[in-house]
Amino acid sequence: MHRETETPDTPEKRAQTSRREFTVPGVGVDVVDCARMKLALTRSPGIRKRLFTPDEIAYCEKYRFYERHYAARWAAKEAVCKALGCGLLQWNGVEVLREPRRAPTVRIFGKIEAFATAVGVDQSDLYISITHSELSAVAVCTIRSGEEPVLLPPSPGR
């Protein structure tokens, strides 16, 4: 006997009930011009130590077109701060980490970590994506809260 309160078991109904529940309370996006980054690095070599962590500097300096990697990291720092809604409280308070064959991750500390903690965001809630070309670097940061983080396998060919 079919009761009126029951709904049929359809693929659509199953998809609705199997969806993961989470929210994205913050999104930040930033674009950095690679030529402007190169100009800043050339004019003021000390800017590296003011804006980037030692590990970020070591990573970027490995590359012939180092300015693209610096620009991508700067865009990521800005995107994280925009997602948090805190402004750039500390230039080197966001670190972009890159493991071989893995997506980049972010570490926050100092004033930015204190702000994030105050608003209930843990660094494990921050997800970033960065890309760069000859001309520009782009980064997106989302803050995700809800279910436990989903660990995805590395992309094929990376």
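Cβ coordinates come from backbone N, Cα and C, glycine included.
According to TrEMBL, the Mg(2+) binding site annotation covers ASP30, GLU78. Taken from TrEMBL, the feature domain '4'-phosphopantetheinyl transferase' covers 26-125.
Other Cβ atoms within 10 Å of the Cβ of GLU78 (Mg(2+) binding site), summed over all protein chains shown, number 20. Across the domain '4'-phosphopantetheinyl transferase' (26-125), DSSP helix (H, G, I), strand (E, B) and coil residues number 54 helix, 16 strand, 30 coil.
Long-range Cβ neighbours of ASP30 (Mg(2+) binding site) (same chain, at least 6 residues apart, Cβ-Cβ under 8 Å): TRP74, ALA75, ALA76, GLU78, ALA79, LYS82, VAL138, ALA139.
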